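These come from Swiss-Prot:
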- K98, G99, G100, T101, T102, W103, R184, S192, Y250, R316, K317, G318: 3'-phosphoadenylyl sulfate binding site (BINDING)
- H163: active site, proton acceptor (ACT_SITE)
Amino acid sequence: MFTFFTILSLCFKSWEQIITMEASKEAHHLPNYMKDDNVSQETKNLITSLPSDKDFMGYGLYNYKGCWYYPNTLQAVLDVQKHFKPRDTDIILASLPKGGTTWLKSLIFAVVHREKYRGTPQTHPLLLQNPHDLVPFLEVELYANSQIPDLAKYSSPMIFSTHMHLQALREATTKACKTVYVCRGIKDTFVSGWHYRNMLHRTKMDQATFELMFDAYCRGVLLYGPYWEHVLSYWKGSLEAKENVLFMKYEEIIEEPRVQVKRLAEFLECPFTKEEEESGSVEEILKLCSLRNLSNLEVNKNGTTRIGVDSQVFFRKGEVGDWKNHLTPQMAKTFDEIIDYRLGDSGLIFQ
């Protein structure tokens, strides 16, 4: 039986592999948030004082208040904290990358705006635009590249998205602002992230790189990580302020979608009426927002989102348990033991 610290010691790989990747990384396609070309002098000075590490591809990450960021991402997070002033009626969807973000963006948008598009389903925005263009990211889009957007031009309620920790987000928001958090088990999040990075960088990485990413995950060194700290921040927030933070599990939405969508609507204070339920409104939203439907739309097969990422990159299987096709039994066991240790007696359990 491995102890937790023994597990971690097994996770460290030779940095020679990372150095090798460093020499070839310039060939990879990079989104803006992974770069370091939009950082103020003040933030550059801050970065020099922060703990640093490298991700599994050799790109520098910096730990600010317990969370890992690329330089451009850190700059955007700081700008969000300084300038973002949401209205009490606005909604924020929070998640880790590849934790169910795309699906929840579509569900929240469809639930909140269902009355507006009830009579014209054939022209519903979700049929014509990628969910990420309908629900913009705060730090990845709106406040990226040192932009300070004019949020007053958006109608209420506006739906925003973020990958920030709850503590980082709370520096910019009031508790009155509704926050929906969706999370996914670490094993499927990891595997989905692996495929995402392959598609994002337009390359096919080898097994050695897969193992490097696994090691980084085990150490918590990933964008917005560690995974467990991110999840726990919102879990505890939902326990402390249930009326303002809704904690949702991807697996539960897959298992009982109707129940969870109704729960979502009630939290957002736009519950389905008896007439809506009887007329099949919930089922219509689930059909519209199904990953199968969204992934087959032309706009999501060939389009490009405003953040410069191909739309198809955000769609793959969306299945629960796909990790079994990629992780070795020892890898799966290591993840399970780390999560058991890190979540401890928090009350948060993943099946």
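Each Cβ is built from the backbone N, Cα and C atoms, and glycine gets one as well.
Projection of Swiss-Prot feature records onto the structure.
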| residue | record | Cβ neighbours (10 Å) |
| --- | --- | --- |
| K98 | 3'-phosphoadenylyl sulfate binding site | 21 |
| G100 | 3'-phosphoadenylyl sulfate binding site | 25 |
| T102 | 3'-phosphoadenylyl sulfate binding site | 26 |
| H163 | active site, proton acceptor | 24 |
| R184 | 3'-phosphoadenylyl sulfate binding site | 25 |
| Y250 | 3'-phosphoadenylyl sulfate binding site | 24 |
| K317 | 3'-phosphoadenylyl sulfate binding site | 14 |
Integer Å distance between the CA atoms belonging to the residue listed as 'active site, proton acceptor' and K98 (3'-phosphoadenylyl sulfate binding site): 10
